[in-house]
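A.B. asks: The structure that follows is given in the form of C-alpha cells.
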Amino acid sequence: MTIGSIKSVKEKKSRKSKQAVVDEQSPLLPTKHQEDGGFDEFNGASFSGAVFNLSTTIVGAGIMALPATMKVLGLIPGIVMIILMAFLTEASIELLIRFSRTSKSVSYGGLMGDAFGKYGKMLLQICVLVNNIGVLVVYMIIIGDVLSGTASSGTHHAGVLEGWFGVHWWNGRFFVLLVTTLGVFAPLACLKRIDSLRYTSALSVALAVVFLVVTVGITVFKLINGSILMPRLLPDFHDLTSFLNLFTVVPVLVTAYICHYNVHSIENELEDGRQIRAVVQSALALCSSVYVLTSLFGFLLFGDATLDDVLANFDADLGIPFGSLLNDVVRVSYAAHLMLVFPIVFYPLRLNLDGLLFPSARPLTLDNSRFAFLSSGLIAIIFLGANFIPSIWDAFQFTGATAAVCIGFIFPAAITLRDRYGISTKRDRILCIFMIVLAVFSNLVAIYSDAYALIKKNSAPRE
C-alpha cells in the first residue's frame, strides 16, 4: 500500500473534514471547524453514543400519549400503526441522508436550501423553532405537574414533593422549575457538542425503560389476579365523525418519532459517517420496541379509562401492594427522563435559531457571546412559558404536530419530488406522495376535530 492510498483511506473515513470544506452554504452547523481549530481534540462520536442520542431525541413526551392511541384504534391496529410509522420514519430519514450526500449538505437546513433556496431553509428553521419550543415547554410543564402538582377541573392533583413533604413554598411550581432550570437544564445546554450528551442520553433511555418495566410488572400482577378485562382489539366507529377520529392519532404518532432535525448533527460527529443508517435503524428499533410495549401494557392496565396522558392514570390507587410507591417511581423516573431529554431537543433549537438570526456569522461554537445569548434567551422563554401557560396541549396539537409532520414527512418528500440530481426512483416518488397525502389529510382531520371539540365545549350551556 502506497502513501497515497493510505491518505485516501483516511479521507474516506473522515467525512466531516471533507464536508466542512465543500458545504459553505449551511449556517446551521459549523463548517470551518478545522480551519479554526474548533474540534481539534475531538476524534468522533461512537456508534453507541450516537444511538443513545438519537433514541433520546425520539423518546420524549410522546411515549405517554401512545396508550391513548390504542383506545382510539384498538389494540391490533394501534400496534400495526406504531410499527408502520417507524418504517415510514426510517424511509424519510434515508431520503434525507441520500440527498444530503449527493448535494454535499451537512445539515437539514442546508439540504432544504439546496432544494428550495433560502426561503425553503427559513421555512424549515421556523418549523423546528415552533416544534421544539412547544415540545420543551410541554416537558417543563409536565415536570412541574409531576413534582409540584396541578389543578384540573377544580381538583388539585398533588405532586410527588407535596406528597412527600407537604405543601411548602420551596416545592411550589415556580421554585421547583427555577431550581431545575438553573441546576439541570442550563448546565446541560452549555455543552457545545451533541456527543457530550451521550451519557445523559443513555441514562434517559434507561429511565424510560424503568417506566416500562414498572408498567409491565403492574399489568402482569393484575393479569394474574384476574382484575384486567379483555382489551378492545379493533376500533369502535359507527358514524363518519368516529371514523375521521381514527386519523387524529397520526400527528401523535409522527410527533412520537420526530428526530430528523438531529440526524445531521449526529452524523457530522460520528467517527465514521457511513454508520448513520445503522444508527438510525438501531435507534428506531429500540424506540419502537419501547413504544409497542408501553402502548400494549398501558392499554391493558387501564383499558378504556386510559387518559390522553397515561401518566395521569398513575395518580390514583392502583389496587396493588406498594401501589403508592410504584406510582412515585413511575412519575419520578419519567420526570427525570424529560430533564435529560431537554438538552437533546434544545441543541437543534439553538442551531436553527442561530441560522435564522445570524445566517452569515461564523460557527456558533466559536462565538461564546452569541452562544450564551441564544442559550439564555431560549431557556428564559421556555421557563416563562411553562410558568404562565397553564396547559398548552391544544396549542401543542395545532402547532407542534403540524410542524412535526412538515419536518418528518412533507419536507423530505418535497426534496425527493424536487429531485435536483435525478437520483430518486419510482418507488421513492410513490412513497413520498403517500407520505404527503397521509400527513396533510391526517392533520386537517386532527385540526378539524380539535377545533370542533373546542367550539362544542365553549358553546355548551353552563350550569
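Cβ coordinates come from backbone N, Cα and C, glycine included.
Sequence annotations record features per position, and here TrEMBL assigns region 'Disordered' to 1-35. Residues annotated as domain 'Amino acid transporter transmembrane' in TrEMBL: 45-449. Among the features that TrEMBL reports, transmembrane segment is placed at 50-69, 75-97, 122-143, 174-191, 203-224, 244-263, 283-302, 332-350, 371-389, 395-417, 429-449.
Give me the lay of the land around each of these features.
C.D. replies: Sequence-distant neighbours of the transmembrane segment (122-143) (same chain, 6+ residues past either end, Cβ-Cβ under 8 Å): 28, 60-61, 108-109, 112, 116, 176-177, 180-181, 258, 261, 309, 311, 334-335, 338-339, 341-342, 345-346, 348-349, 352-353, 355-356, 378, 381-383, 385-386, 389, 391-393, 395-396, 399-400, 403-404, 406-407, 411.
Proximity of distant same-chain residues to the transmembrane segment (244-263), defined by a Cβ-Cβ separation under 8 Å and at least 6 residues beyond the stretch ends, is recorded for 53-54, 57-58, 60, 62-63, 65-66, 68-69, 72-73, 78, 81-82, 85-86, 89, 92-93, 96-97, 108, 128, 131-132, 194, 235, 237, 276, 280, 283-284, 287, 291, 344, 347-348, 352, 397, 400-402, 404-405, 407-409, 412, 438-439, 441-443, 445-446, 448-450.
For the transmembrane segment (429-449), same-chain residues at least 6 beyond its ends with a Cβ under 8 Å from one of its own Cβ atoms are 88, 91-92, 95, 244-245, 247-248, 250-251, 254, 397-398, 401-402, 405-406, 408-410, 412-414, 416-417.
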A.B. asks: For the transmembrane segment (283-302), name the stretch out of 50-69, 75-97, 174-191, 332-350, 371-389 with the most CB-CB pairs under 8 Å.
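C.D. replies: Comparing 50-69, 75-97, 174-191, 332-350, 371-389 against the transmembrane segment (283-302), the winner is 50-69.
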A.B. asks: Are the transmembrane segment (174-191) and the transmembrane segment (50-69) close enough that 3 or more Cβ pairs fall under 8 Å, when only pairs 6 or more apart in sequence count?
C.D. replies: no
A.B. asks: Cβ under 8 Å, sequence separation of at least 6 from the ends of the transmembrane segment (174-191): give me the contacting residues as numbers and ranges.
C.D. replies: 140, 143-144, 147-148, 161, 197, 200, 339-340, 342-343, 346, 350, 375-376, 379, 383, 386-387
